[in-house]
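Here is the structure we will look at, set down as structure tokens.
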Amino acid sequence: MEEFLRSNYIILSLSIEGLAAIIAIFCYRKYKLTVAKFFLYFLVYIFICELLSGYTRQIIEGPLHFLEGTIIEKNYWWTTLFWNIGSVLFFSFFYHNLVEKDKFKKLIKWMCIGFLVLAVFIISTNFNKYFQGMFPSLLIAGGLVVLTCVCLYFYELLQSDKILNFYKSIYFYISTTIFVWWLITTPIIFYDVYFTTADWNFIILKWQIFLFANMFMYLTFSFALLWCKPETH
């Protein structure tokens, strides 16, 4: 199992992300008049960004060997930018468009602004680390923003007649999946100090958790996009 993950982790991850992106493109006409269309853009965005983050594999004995020894030799900076910050901003935008209560929209707006200010502050005061590792405080703050957005959606759902047909809603599947994924993966950041080649046991465990969490997330997204019907908002 360990050898299999070492050899195929990247391929497996990109495959399930690519599948979700392809299905998103396939389903665009179905959802183009709904808020869900933004989520389709996001799935394609994730896949493209993941492909670009693989530039590090082309540095050693590859066409990008000239990047060896530079500050962008590792892709921490890219992951922080496109996922740790970018995904939080997207979900803030997504749920701002999805929820209906004005007070919830305002709360999401100010949480997003606060998170962005915090991100700029954390990176500007620890700029060298931006290229050398992740920021646990930023990941936790981002997780709290996303989970709050999801909870606001669930609250509105429980207060409306839509709860009667929740199992048919694409937004329910998106929200439930994101909520579970974030709860599973966020605690791992506290142990990132062990994510070195000196501790392969932790590396394999982390890969297993993220691989199965990602499989659950992207396969659920793929199923929901194909099975659910567009909702007017």
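Each residue, glycine too, has its Cβ placed from N, Cα and C.
Note that TrEMBL annotation is computational and uncurated.
The annotation transmembrane segment is assigned in TrEMBL to 6-26, 38-56, 76-95, 107-127, 133-158, 170-191, 203-228.
Listed by sequence, the residues of this chain that lie at least six past the ends of the transmembrane segment (76-95) yet keep a Cβ under 8 A from its Cβ atoms are 35, 38-39, 42, 45-46, 49, 52-53, 108-109, 111-112, 115-116, 119, 123, 130-135, 138-139, 142, 145-146, 149-150, 152-153, 178. Within the chain carrying the transmembrane segment (133-158), a Cβ under 8 angstroms from the stretch's Cβ atoms is held by residues 76, 79-80, 84-85, 87-88, 91-92, 94-95, 98-101, 104, 107-108, 111-112, 115, 118-119, 122-123, 126, 166, 169, 171-172, 175, 178-179, 182-183, 186, 189-190, 192, all 6 or more beyond its ends. Tertiary neighbourhood of the transmembrane segment (6-26): same-chain residues 39-41, 43-44, 46-48, 50-51, 54, 57, 204, 207, 210-211, 214-215, 218-219, 221-222, 225-226, selected by CB-CB distance under 8 Å and a gap of 6+ residues from either end.
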